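What follows is a single structure, written as structure tokens, with notes after it.
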Amino acid sequence: MKELIVATKNPGKVSEFRQMFSKYDISVKSLLDIDRSIDIEETGSTFEENAVIKAEAMAEHFEVPVVADDSGLEVDALNGEPGVYSARYAGIEKDDGKNTEKLLKQLYGVPEEKRTARFVCAVAVARPGENTFVRRGTCEGTIATEPQGTNGFGYDPVFIPEGSSRTMADHSSEEKNAISHRHHAIKQIEEWLKTQS
Ligand SMILES: O=P(O)(O)OP(=O)(O)OP(=O)(O)OC[C@H]1O[C@@H](n2cnc3c(O)ncnc32)[C@H](O)[C@@H]1O
Ligand SMILES: [Mg+2]
């Protein structure tokens, strides 16, 4: 089994990458396993830019291929916010509970048909001496009026994927990994993943 570094410190992402990469016979090593003190500043203005920044910084550092994920939630009634600021929407300390609370406050009184949103995920692959590539996946849905469910992470308790009546946090990890923005982004790097296993 081949091992790949995924340049993230988000434990929720790590477990989803683990599950989804196991299908390609690839095991995942994250920054939580390697060095929790590594901090890469996300200075880009798009998910793609930030994913490339994270992947290239770590590929240069470790001199091996590195995968990175930059993701977030775009809410139409908030002109695409929180977008690339999703992790720090309610402050720099990255508190999922506070972020969702702030989101629900911003959307207070907005009717259901105007609560449309999407999860976006950009996955970048950086390799020493080769061109970096980045692919995007999305998952359309709406924002609930109150949190529901305990699975997943981030905004999952308030995001209802299109075609479902339950929040993402009320989906099993297998169900989420079949429809998520991360799944769709990873699908697009599948050909490269197959050459890695
Ligand atoms: O940068 P790394 O270390 O990968 O971890 P992070 O949590 O800071 O990740 P991002 O910078 O990509 O910010 C993404 C935020 O968007 C939200 N998010 C992304 N994917 C999500 C998902 O699958 N379910 C729920 N929320 C998600 C969640 O709040 C994340 O913290
Ligand atoms: Mg981040």
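Note that Cβ sites are derived from N, Cα and C of the backbone, with glycine treated the same way.
Classification of Asp70 (active site, proton acceptor) by DSSP places it within a strand. Using a 10 Å radius centred on the Cβ of Asp70 (active site, proton acceptor) and all shown protein chains, the other Cβ atoms total 29. As annotated by TrEMBL, active site, proton acceptor applies to Asp70.
The substrate binding site annotation in TrEMBL covers Thr8, Lys9, Asn10, Pro11, Gly12, Lys13, Ser71, Phe153, Gly154, Tyr155, Asp156, Lys176, His181, Arg182. Its Cβ taken as reference, Gly12 (substrate binding site) is surrounded by 16 other Cβ atoms within 10 Å in the chains shown.
Annotation source TrEMBL lists Mg(2+) binding site at Glu41, Asp70.
Straight-line distance linking the Cα atoms of Asp156 (substrate binding site) and Glu41 (Mg(2+) binding site), rounded to a whole number, equals 24 Å. When the binding-site residues Asn10, Ser71 are compared by the number of other CB atoms within 10 angstroms of each CB, Asn10 has the fewest. Taking CA atoms as the reference points, Ser71 (substrate binding site) and Glu41 (Mg(2+) binding site) are 15 Å apart.
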